[in-house]
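**Student:** Below is one structure. I have some questions about it.
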Amino acid sequence: MKFFALFIYRPVATILISLAITLCGILGFRLLPVAPLPQVDFPVIMVSASLPGASPETMASSVATPLERSLGRIAGVNEMTSSSSLGSTRIILEFNFDRDINGAARDVQAAINAAQSLLPSGMPSRPTYRKANPSDAPIMILTLTSDTYSQGELYDFASTQLAQTIAQIDGVGDVDVGGSSLPAVRVDLNPQALFNQGVSLDAVRTAISDANVRKPQGALEDSAHRWQVQTNDELKTAADYQPLIVHYQNGAAVRLGDVATVSDSVQDVRNAGMTNAKPAILLMIRKLPEANIIQTVDSIRARLPELQQTIPAAIDLQIAQDRSPTIRASLEEVEQTLVISVALVILVVFLFLRSGRATLIPAVAVPVSLIGTFAAMYLCGFSLNNLSLMALTIATGFVVDDAIVVLENISRHLEAGMKPLQAALQGSREVGFTVLSMSLSLVAVFLPLLLMGGLPGRLLREFAVTLSVAIGISLAVSLTLTPMMCGWLLKSGKPHQPTRNRGFGRLLVAVQGGYGKSLKWVLRHSRLTGLVVLGTIALSVWLYISIPKTFFPEQDTGVLMGGIQADQSISFQAMRGKLQDFMKIIREDPAVDNVTGFTGGSRVNSGMMFITLKPRDQRHETAQQVIDRLRKKLANEPGANLFLMAVQDIRVGGRQSNASYQYTLLSDDLSALREWEPKIRKALAALPELADVNSDQQDNGAEMDLVYDRDTMSRLGISVQDANNLLNNAFGQRQISTIYQPLNQYKVVMEVDPAYTQDVSALDKMFVINSEGKPIPLAYFAKWQPANAPLSVNHQGLSAASTISFNLPTGRSLSEASDAINRTMTQLGVPSSVRGSFAGTAQVFQQTMNAQVILILAAIATVYIVLGMLYESYVHPLTILSTLPSAGVGALLALEIFDAPFSLIALIGIMLLIGIVKKNAIMMVDFALEAQRTGNLAPEEAIFQACLLRFRPIMMTTLAALFGALPLVLSGGDGSELRQPLGITIVGGLVMSQLLTLYTTPVVYLFFDRLRLRFSRHSSQPVSE
């Protein structure tokens, strides 16, 4: 009593405390960063290494394996995958959440240094690493186009100046420049001219390398002066190299221009980038794992005007893609939903109380509680994101509950004629324990979420803490500010205030009367009601088992990613044409705003596209509907497939794939993996639960298999090294020298002119100069025949791996797909030497599925423990928890009706329902126990009176929570995919629970009371506490 009096009789102090909470919240709100979701990115580091011309198998065995053995010893590595293709190896290290990425980067560098001695000596540079996940969609894509500058010049400008500047911006993890390569002097050799002049390819390479030397020359010095020695030992341009003497034939000089075409070109001619089907250089910007996407994008945009000033007028720099507008629009939508929820909740209170003064009290309590939460969010390092703002939206119904319970009880005493201050003291004292029980038991629901590990735990932690803080502040406000405002604002009324019998009040009285009559009938037929309770338990279990499940709702972020996979023997020229054709088809779609893409490099038969859709208010279709429409249009393109997927704010794993979900096959026997992967992929592609099934195992690339006749080579004076150098010089785009410039270093690249390598007859023109100086054609000592070879070799850990990627058809869930895959693997009889497991998001889904039931049971057990401690009883918590099955039935039925799978967001809704619906039972049980103690009423009469007396606050709190969640169900626009499952779950659970628990709770209460009496030896008092 003294506690409540302290605040009721000191209104100024109470108001100032509330103002202080509000001001702190406003300050925290202004300082909070903005993000789509809580920070849940795994620390990922990518290691890259190159050896131009080396086959995928060579890269895997000589580069990837030594690096993997060294990197695999680093502590905290969650997963290590690698992919080796023509001349390139990429290793992805995914670390545990608790691993600091900067410390991990130091360990990665140390591991690379340790493996350096085991790597091939011909590598043009040491392996490098980047602190970014290559599988993440870029947060921004910039394009450079020009009518006067070449693609190589644009690439040089982008790589040397723009990428360097952007990479220094806080939050930027990686700037990947694509669409071409650095400028280079290309030496395209004429094999016929070389043969006629008797010049070997190795002699040309040596001559070029020896002619371009950057070495210190020292200085001259006398007693008074010092002169730096400078020579023309460097060659910079194609014009400098063209007159270079590479050989003497019969005393006549053979110059490089006589046997080759020398040009200022690019390092790798097999690269292409486009924007809207036009040539372009792309700057794909990815953020650091721990960086905030909105802050990073804002920082980049702030630097763009400065960068624009450094760009020549003939170069056009444009933002082709920016992921932040849809994120901002989504947050604006949820903020509007929050405001609507607050307004609806206040409206509910007004309809029940029909008093402006009374309505003002919760209208003040709710904003104070919600705004004050922002201060705690800032101190906890949280952000304003979809989940934290949804937590505040749902909290609207919670925080008003406490104020409603206190306000309604004080109003009841005022209507009975009690003076305001006395009613405030008496009313708050009566329900103080009830409000405390409701709040503590509600917070207890979220304790298991706080202890949950992995990505789901990280994802839900902000939601749980934000909601718990809001409830805690609401508890303090409802026990301090609310009683004070009631005591000073409200007036005493007559015992039977006529306003209760007008309009909505008359309807409420009629409903309450009808409820009383029906409750008497239910109490007389308690066995039937007991069967209903048992039925809801069984039905909720069955619905949970049968409902389709997924990890996270599919979001419409307004950005699509597309992976092109063409025939494995396709040429670069044909692949570039496919990219352009796909772009034209997509660009014609009315929902598409911009398309960018690139192809080439080490994977000639693949490409990547990024598609920006128009804003939601300018298109009528969702991202998935656009994908379905484009899939039909793109299906007729011969020789290539384009796999589209909507970019999500959550993507797990470092694998780059052409679909949203992955299933990985592992084996220590490479031949077994290559035998079974096509069978498994074909079987999975036939499943109706899967779409866009594809694999990263590509074993049918065209290869020309050369077999040396070593005896003949020995007789002719030719070594295997000579023959291999010939092939590398001719076909490997071999980097044979370096040109040093002030801002960058460029390469001299040598290969046979592509005009002579259009078919296998190019091998007939190749020759080696033997030890006697005679040209020996390759055909004299080697035979060749076409064969198949892998385009890439993939590892996970140290095992050979193949990842099958898939999307979900419209109307299918991830649980259905997972079950179908497991069933298919069993039916195929895959041997134990080939192991299958889900990867990435699908793997996290499997882990979450196993933890969901445990999490729900842990929440129920925690609530039981808290309630048992509060009531000092083993029985009463069971009565209160009996309300949960009906809520579960309602929630799961609502998801089924709306055709929404059970996701992590729906799980949050179930957890919230555990906290919400038990409030009704707490109010009933609390008043019934008090009536038995103080009024000496029988249990039947006590629970009956409790139900009638608490009918109005129960209806108010339930409707307030329901209307607080209703805007989530009805919301559209950006981000509605996240909000709707939460709203559907809560509204469905509340409706069903309200219909049943008003009747089942009294029956369960009486059942346990009779059970207690039957086993109790002390029956002198009606209730033993």
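The count begins at 1 with the first shown residue.
Every residue gets a Cβ built from N, Cα and C, even glycine.
According to Swiss-Prot, the record shows the following:
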{"type": "TRANSMEM", "residues": "15-35", "note": "transmembrane segment"}
{"type": "TRANSMEM", "residues": "333-353", "note": "transmembrane segment"}
{"type": "TRANSMEM", "residues": "360-380", "note": "transmembrane segment"}
{"type": "TRANSMEM", "residues": "387-407", "note": "transmembrane segment"}
{"type": "TRANSMEM", "residues": "431-451", "note": "transmembrane segment"}
{"type": "TRANSMEM", "residues": "469-489", "note": "transmembrane segment"}
{"type": "TRANSMEM", "residues": "528-548", "note": "transmembrane segment"}
{"type": "TRANSMEM", "residues": "851-871", "note": "transmembrane segment"}
{"type": "TRANSMEM", "residues": "875-895", "note": "transmembrane segment"}
{"type": "TRANSMEM", "residues": "897-917", "note": "transmembrane segment"}
{"type": "TRANSMEM", "residues": "953-973", "note": "transmembrane segment"}
{"type": "TRANSMEM", "residues": "984-1004", "note": "transmembrane segment"}
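Give me the local environment of each listed feature.
**Tutor:** Within its own chain, the transmembrane segment (15-35) is flanked in space by residues 292-295, 327-328, 331, 364, 367-368, 370-379, 382-385, 473, 477, 480-481, 484, which lie at least six positions past its ends and keep a Cβ under 8 Å from the stretch.
Panel annotation: around the transmembrane segment (528-548), residues 522, 812-813, 815-816, 882, 885-886, 888-889, 892-893, 895-896, 901-902, 996, 999-1000, 1003-1004, 1007 of the same chain, lying at least six beyond its termini, place a Cβ under 8 Å from a Cβ of the stretch.
If you look at the transmembrane segment (875-895), the same-chain residues 6 or more away from its ends with a CB under 8 A from one of its CBs are 441, 533, 536-537, 539-540, 543-544, 547, 860, 863-864, 867-868, 901-902, 906, 909-910, 913-914, 916-918, 920-922, 925, 929, 981, 984-993, 995-997, 1000-1001, 1004-1005, 1008-1009, 1011-1012.
Same-chain neighbours of the transmembrane segment (953-973): 329-330, 333-334, 337, 340-341, 344-345, 347-349, 352, 390, 393-394, 396-398, 400-401, 404-405, 408-409, 508, 616-617, 916, 919-920, 923-924, 979-980, 982-984, 986-987, 990-991, 993-994, 998, counting only residues six or more beyond its ends whose CB sits under 8 Å from a CB of the stretch.
Only residues 6 or more beyond the boundaries of the transmembrane segment (984-1004), in the same chain, are considered here, and those with a CB under 8 A from a CB of the stretch are 394, 515, 518-519, 522-523, 526, 529-530, 532-533, 536, 878-880, 882-883, 886-895, 897-898, 900, 905-906, 908-910, 912-913, 916-917, 920-921, 924-925, 943-944, 947, 951, 954-955, 958, 961-962, 965-966, 968-969.
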**Student:** Pairs of Cβ atoms less than 8 Å apart decide it: which stretch in 333-353, 360-380, 387-407, 851-871 has the most with the transmembrane segment (431-451)?
**Tutor:** 851-871
**Student:** So, taking each listed stretch (333-353, 387-407, 469-489, 897-917) in turn and counting its Cβ pairs to the transmembrane segment (360-380) that are under 8 angstroms, which one gives the highest count?
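**Tutor:** Looking at each of 333-353, 387-407, 469-489, 897-917 in turn, the most contacts to the transmembrane segment (360-380) are made by 469-489.
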**Student:** Which bits of the chain, at least 6 residues beyond where the transmembrane segment (333-353) starts or stops, bring a Cβ under 8 A of a Cβ in it?
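**Tutor:** Distant Cβ neighbours of the transmembrane segment (333-353) are 359, 362-363, 366-367, 370, 386, 389-390, 392-393, 396-397, 400, 404, 407-408, 411, 504, 508, 952, 955-956, 959-960, 963-968, 971, 973-976, 979.
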